[in-house]
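*Asks:* Handing you a structure now.
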Amino acid sequence: MIALMWHPGATVPDSVDLAEDEVCSLELPHKTSHLESVGLRKSKRFGNVFGVEMSPDTIAIAMVYFVQGILGLSRLAVSFFLKDELHLDPAETAFLTGISSLPWLIKPLYGFISDGVPLFGYRRRSYLALCGLLGALCWGSLAMFIDSKYGAMAAILLSSLSVAFSDVVVDSMVVEKARGESQGASGSLQSLCWGSAATGGIASAYFSGYLVETYGTRYVFGVTAVMPLITSAVAGLVQEEPLKAPSDDPKVMLSKTAQFISTSKSQLAFLWQTVKEPSIFWPTLFIFLWQATPTSDTAMFFFTTNHLGFGPEFLGRVRLVTAVASLVGVGLYNTYLKDVPLRNIFLWTTLLGTALGLLQLLLVTGANKSLGISDEWFAMGDSLVLTVLGQVSFMPVLVLAARLCPPGVEATLFATLMSISNGGGVTGGVLGAGLTQFLGVTSHNFDNLVILILLCNASSLFPLAFLNLLPSGSELESTVEKADKARRELEITKQD
């Protein structure tokens, strides 16, 4: 693959790279779905879309994920901006990219803020609107005046913060709807979310390269600045009752503050009680290890652009192929694999991904030409297959995290699990940057790129040694029941 080589720990390309409408229908059980009852209370219905009842809430969720996908419009622009205008080398670019992902590591904090500190009377609407405005400001700054690596890092970091915060808000809505669902129904909702991001990725994929080649990177940043405003606009669709305005009485305000602190402490205690359960802790550890293997993504980007001469327009076409492939991966998972045991999916996708990832050696050594395959066609096919595989392997992570969340701390626990997963991804990126620098791979020296690819692919097999940390189907159901029981006991204790 070109800009993002698949490995077992790679997040799905273009879902930021990571999210979309599902491509295959889901046959739900004959009994009324929890998604149809709890998730749609007091909401006007807009029909059934691929197994999920649509309401203003679910439309807002889908649109926020769509924005996450369409923000991929700037992905190539950022890469070329760092490489050609700021003149950073592969290791430095990989490190900066990893740093810009830091906001995704503290997602639980956003959950506490949005749940405990209403903004303008709302816990959902206001934060979505604010996140959209922050994102627009950051991309606008990159378009107009930022010309240093530190300024670029700050702008990209804050734009990442805006997406991560809005992601927590909609994740809490998703988890509420997924609570109590079967693995299949929960997978259908996750498919809707991540399918929406893939739709956004498809909408922006080709133009991400064409606009860079035709108008330059800053023009693309300017266009990208408009996209977060969609998040601000759909915030009004969220079905949320306004909270009572806080009193100006200092005593009342102090009491509210003390209540918030007490509630936060209780949530943290319950969160720790839940996370330290072996049935949750060990799967979470596996997800971290699965994400934390090093990658050669940035080095491959420099190789394909500086050595093979791939331009932005062609890379845009590749991104279009990978965006479609991501959607295909969602469809494959939702249609054929959502009821397959988690261990089986991780095992076979890891083995296949590692084997197919080694095919990049043909592109690096030029052996693909001996087979009569041009660099362009080989890169296109490689990206397509690995993206489908990456999407299929990542969907179970989302389903597992959603189903482990008990009532009461859905947003916080889900955010914690995904932050740990994202932390593994950042760790893998930093390890990849370290390997790149250690092997002396630079903007124009690719002598050791073969070794880098071999090491990264070999490390992808490491998590398989811990595959038994994942729960079986019966163990997962038992975990969910234990979490619910712990929550009920905590409520009884509070009442006493």
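For all residues, glycine too, the Cβ spot is worked out from N, Cα and C.
Residues or ranges marked as transmembrane segment in TrEMBL: 59-82, 94-113, 125-146, 191-212, 218-238, 314-333, 345-363, 383-401, 413-437, 449-470.
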*Asks:* Does the chain bring the transmembrane segment (191-212) near the transmembrane segment (449-470), so that three or more CB pairs sit under 8 Å (pairs 6 or more apart in sequence)?
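*Replies:* Touching, no - the transmembrane segment (191-212) and the transmembrane segment (449-470) miss the threshold of 3 or more Cβ pairs under 8 Å.
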*Asks:* Determine which recorded stretch among 94-113, 125-146, 218-238, 314-333 has the most C-beta pairs below 8 angstroms with the transmembrane segment (413-437).
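*Replies:* Stretch with the highest Cβ contact count: 94-113.
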*Asks:* In the same chain, which residue numbers or ranges, 6 or more beyond the ends of the transmembrane segment (94-113), come under 8 angstroms Cβ to Cβ?
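*Replies:* Residues packing against the transmembrane segment (94-113) from afar: 82, 88, 127, 149, 152-153, 156-157, 160-161, 163-165, 167-169, 172, 264, 267, 271, 297-299, 411-412, 415-416, 418-419, 422-423, 425-426, 429-430, 432-433, 436.
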*Asks:* For the transmembrane segment (59-82), could you work out the same-chain residues 6 or more beyond its ends whose Cβ comes under 8 Å from its Cβ atoms?
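*Replies:* Counting only partners 6 or more residues beyond its ends, the transmembrane segment (59-82) has Cβ contacts under 8 Å with 3, 14-21, 46, 88, 93, 96, 128, 132, 135, 139, 142, 149, 152, 156, 163, 166-167, 169-170, 173-174, 192-194, 196-205, 207-209, 211-212, 217, 220-221, 223-224, 227-228, 230-231, 234-235, 237-238, 301, 305, 312, 315-316, 319, 323.
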